[in-house]
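Database features (Swiss-Prot):
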ACT_SITE  348  active site, charge relay system
ACT_SITE  468  active site, charge relay system
ACT_SITE  498  active site, charge relay system
């Protein structure tokens with residue numbers, strides 16, 4: 001078990017004393033160490049009679065004895081306060097060593113009054129075995145009163161806002177878009193959950209088109225057939241222009257202003273990180289945007305009309321937009337309780353909306369926490385001129401997602417009024433996204449946030465799984481690289497798939513975000529010493545490390561051929577039985593592919609030395625095929641039996657993370673380290689007619705040509721004895737169209753190479 005603390009802010013001794021005093025620990029430097037220990041335990045909500053101090057004495061007996069307090073005894077007691085079990089989790093008498101091996105913060109100096117006070121200060125900042133830092137656990141147990149005012153410790157807000165007194169309001173914000181050209185600004189329903197307090201509150205906002213309901217049946221009916229032939233394209237250049245939808249002014253009309261919303265709500269999905277912040281004095285707002293239940297408009301899916309319908313909420317919080325108590329617009333309501341500062345949170349589509357909102361430069365958006373977000377929708381549904389479904393969702397496209405999230409149709413009255421217009425616009429979207437060619441076009445350009453990163457004012461916190469094949473790592477990498485030099489940004493890169501990481505045992509993620517949000521949203525100094533990149537190592541249990549950048553400038557080139565004359569070949573076509581089997585379950589295909597049982601070329605590469613991949617691996621291939629259209633798929637495995645982290649979390653302990661005071665309990669989870677025969681490092685796909693994003697070229701049958709394309713970026717450490725397996729093939733039954741033509745691909749390995757960006761030891 002290893003704990004990684006990134007949230008701890010260094011404080012000088014006077015600051016430590018002042019903060020301890022605020023918690024009720026009022027000590028003098030003239031006290032001896034045992035007196036301070038005794039008072040610490042008395043003031044805490046822990047049961048000191050249950051604690052063991054030495055191999056022979058419990059704490060009560062130790063405090064009465066003449067034995068001096070030393071660091072070994074300190075850690076015997078401290079580990080128990082951190083929920084470790086003596087004689088089972090750790091051995092009494094070896095507690096100091098156990099704490100050090102667990103990477104717990106320690107004072108490495110002689111035992112003095114000042115040092116013991118500092119040790120208790122940092123112990124309160126330390127993560128418990130069950131996932132909360134000690135001070136937060138004790139506050140949830142009643143160390144401080146629920147007075148609905150801010151209390152801070154180590155630059156973090158504590159849970160002193162009463163979750164039983166939360167206000168839950170429903171409002172409609174006037175957006176600056178008219179997505180169906182009705183001649184009226186679209187109204188957007190929002191749900192607010194906020195502590196009852198006289199303080200001016202900041203907002204943690206989650207923009208989720210899923211939030212008010214999804215239409216699974218419409219989604220399933222809209223899915224595209226993947227068993228189609230690849231289209232041949234004529235050579236041409238693609239032209240796009242940078243344009244944004246015009247923001248509409250609201251029609252000025254004097255209305256009565258009220259300070260209370262008549263509509264309330266009780267239930268609904270909430271993000272547990274937002275719940276955590278609710279009890280620490282941050283309001284939560286959930287907004288689903290245009291084309292969703294009880295709002296106006298069409299589900300425009302990813303364009304800036306949708307983004308503006310989200311940022312309208314930030315405008316309202318800052319007095320630049322209007323909100324109403326109902327869709328009838330009879331009464332206006334103002335955000336008199338808000339301080340105007342906003343952070344956006346959420347994973348997947350939710351993180352996507354955060355990326356998009358940041359690129360508008362909207363005033364009041366102080367930072368985004370974008371988890372597994374999409375920075376360019378083309379790269380989610382397409383790749384290098386090829387239709388490419390996101391991992392796990394063959395047949396999905398942006399029109400399918402629109403059908404899923406156009407939740408207005410879930411209400412019968414809205415269905416009657418709006419379905420005909422919706423069907424017309426959905427058909428237009430299906431045509432515009434152009435599944436036949438797979439090429440970039442104006443439709444996708446309008447949904448590319450990367451071209452507007454120069455407008456970003458908010459600090460950017462990125463969370464992404466390097467084993468996420470749904471929203472692939474390039475979405476985070478490209479946004480990271482597109483931000484202007486010197487922009488405030490940090491990335492948490494974990495080894496999971498498409499998952500949240502705010503309830504993991506090994507890292508104090510929520511507390512780190514707490515310190516950042518407090519500084520940016522409550523106008524306090526940002527003293528958090530956070531590295532640019534926080535990386536979970538790929539072959540070690542519960543180990544996180546710091547890096548300077550995502551993407552390295554140094555490269556090595558590994559030839560794919562082992563001799564001067566070296567060729568590989570694979571066929572595209574499968575017999576009917578195999579084709580049907582793979583089409584029915586792409587997981588069967590993936591297993592066969594990784595075990596060299598599919599139509600593929602396999603190249604095993606030895607490494608010249610230990611190395612860490614950092615960035616997108618590039619393939620440079622010399623090949624030919626007996627057709628005038630074709631596509632290539634590539635996957636690279638870390639091949640060979642060894643221990644690796646799984647990409648899905650397992651529960652370590654149920655309902656032990658208290659998000660407030662007996663409020664919204666969460667499971668404690670972690671990625672397990674397990675034996676496996678291989679692990680996917682990266683993958684990529686390309687249409688052989690698309691040598692670049694905006695150029696389509698002719699392909700001549702039976703003629704050799706060279707193509708270069710990047711695979712998904714990653715950071716992955718390999719030892720010299722490890723082996724990389726490169727798999728080259730065409731049809732991928734999870735991602736690509738299932739083109740079963742009889743095409744043979746031949747690769748000249750002697751003129752082909754793998755180009756790997758590698759990390760320097762210094763970084």
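Please read every residue number as a count from 1 along the shown chain.
Quick reminder: no glycine exception, Cβ is built from N, Cα and C everywhere.
Features per Swiss-Prot, on structure.
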| residue | record | DSSP (3 states) |
| --- | --- | --- |
| 348 | active site, charge relay system | coil |
| 468 | active site, charge relay system | coil |
| 498 | active site, charge relay system | coil |
What is the one among the active-site residues 348, 468, 498 whose Cβ has the most other Cβ atoms less than or equal to 10 Å away?
468
How long is the line from the C-alpha of residue 468 (active site, charge relay system) to the C-alpha of residue 498 (active site, charge relay system), rounded to the nearest angstrom?
5
